[in-house]
Amino acid sequence: MGYSFNVDLRGIVDLLSHHLYASPRVYVRELLQNAVDAITARRVADPGAPGQVLVESPAVTGDGTLRVHDTGIGLTEQQVHDLLATIGRSSKRDDLGFARHEFLGQFGIGLLSCFLVADEIRVSTRCGDAPTVEWTGYADGRYEVAIAPVDRARPVPGTTVTLVPRRDAEHWLRGETVAELARLFGSMLPIAVRVDGQPVTTGLAPWHRDAGESATARRARLDRYAEEVFGFPPFDVIDLDVPAAGLRGVAFVLPVAANPASRVAHRVYLKQMLLSESIEGLLPEWAFFVRCVVDTTELRPTASREALYEDDVLDEVRESLGAALRGWLTALGRTDPRRLATFLSVHHLGVKALALHDDEMLRLLYQWWRFETNVGPMTLADFHDRYGVVRFIPSVDEFRQLAPVAAAQSIALVNAGYVYDAELLRRLPDIDATIDTEVLTAGALAMQLEPLDPAGEQAVAPFLRVARRALEPLGVEVLVRAFEPASLPALYLLDSDTALHVDLRRGRDEADDTWAAILGSFTAGRQDLPQLVFNHRNPLVRQTCSVGDEELVTLAVEGLYVQALLLGHQPLRPADTAALNQSFLGLLGRAMGEAR
Ligand SMILES: Nc1ncnc2c1ncn2[C@@H]1O[C@H](COP(=O)(O)OP(=O)(O)OP(=O)(O)O)[C@@H](O)[C@H]1O
């Protein structure tokens, strides 16, 4: 046997009025919406019918209540029972239960939001020539209906909704508060709304074009709007138009970098009524550098009207708005590259994140973003034109260390150590197969440094022997090469791969047996060591090579080793610090001894 659900009316009213909405202020929106929908409905049959909504605050009514009068279609007694007293019943859906396009409402619960601020809702309504009906609803789910006595019969069709405020909610009904909320939610409505006699609607969207308004004046007006609503003077304003979603609006480009992790909230109107000031997910995630204000006829609200319903139309809107922003960026590159460069200097992180998966954005960066290189700041396009292979180093420290040496060997290098850069450079062949990219490793650079001739090799052999003996305990391989700049005595070379194995080896030596065995399995068979390359063109190194005094050579080698570590921004291990102390104190001792 089948049963129907029972409903606890008080629980449902409480749920729908108190727990669906984030703030009581939405009651003004729901009342305006019902009034506007009623006028729309009346105008379907009678396009010339008056369209006015008048709100009277307690200051005007004088009895502590708030009243909303409209010149809409009104309700018959039967409709009152059917629509006002049945939760979830709405006149704004078609026979199949779909929302009718011309109306703002659809769920049949909006009026209940008035219980957020009121104990009692009274409706006096007249439809056509039918008698005026009075309905009173209470927060506990009871309601009363009666035909109005003659002295309260309405002279013309329309509806008045009266709210009797709850004790602690009177402030929500104050004239200024209601006017402010009516302006916030309804200023764009095409129907005249007055609060205590003052008009609150203009019917104009911020992006409208006044006849005779110049482009500069419109831009100044939009700038003021962005300041007022979003709190910043926009870097640029992008007009948005997605006909398939009945969407119009503008995107304001932030003048300062936004935190990619922060909430990106937009102001969204549905059929000219503000849905929410903080809608997320309207744009693709990467578009964190704009704030939008849009009006749409096709997107669907959730029942609380505080978010957009995730559906295919929203997906398409997201895609179209993303395309509009990308179009703006590429157009800026064509028409005003300097402005694009300024934009990129602020928002490069966002664009780089986008370029990881978007060829067009990668092309834009390739053409216009100036990377740090060891031959000065330069776009990748220029770099490629000048040097062919786009050689880069994926670590800032390594770049700092190798850049001057590479420059002296005429090797041009890009610093790709900042976030996303290395991945973007590796992706360059995706946008142009003729672009070669290559990571410069420390090992490859060492290969470029000129070896000594056989006689030179022989001459430095005693030095090498002493240097190797001094540095072997520190796990460093020693070489002598001749390279520029001659002012650099020694170069410490450690690429990331080797660094990893050096770390693992160190960990293995310091760990207990179990860990040592695990770490050992990673380093097995690898003998990579960092290299210390002495520069035979450096006068001090030449001198050290020719000194017969082994103790002095050892002290000099240790000192030069630690200096090379510091130049390469390498951390000093205890053994390195010990070598530094030994060298410094030893050399001082020798100098003092000689001075005596
Ligand atoms: N001012 C009014 N004039 C005429 N009819 C009204 C008025 N206010 C409410 N109604 C009727 O009461 C019904 C229920 O209103 P309610 O605000 O609860 O829901 P809705 O507007 O249909 O949908 P939503 O929950 O999406 O707002 C409406 O569908 C409408 O038929």
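Note: Cβ is positioned from N, Cα and C throughout, glycine not excepted.
A TrEMBL annotation is a machine prediction, not a hand-curated record.
Owing to the predicted nature of the structure, the values given are computational and were not obtained by experimental measurement.
The ATP site in TrEMBL is built from Glu30, Asn34, Thr159 plus one of Asp63, Asp70, Asp129, Asp196, namely Asp70.
Taking a C-beta cut-off of under 8 Å and a sequence gap of six or more, Asp70 (ATP binding site) has these contacts in its own chain: Asn34, Ala35, Val36, Ala38, Ile39, Gln52, Val53, Leu54, Gly158, Thr159, Thr160. Annotated ATP site Glu30, Asn34, Asp70, Thr159; additional same-chain residues within 8 Å of its Cβ mean position, judged by their own Cβ, are Leu31, Leu32, Gln33, Ala35, Val36, Asp37, Ala38, Val53, Val68, Gly72, Leu111, Val161. Under DSSP, Thr159 (ATP binding site) is assigned to a strand (E or B) in the three-state scheme.
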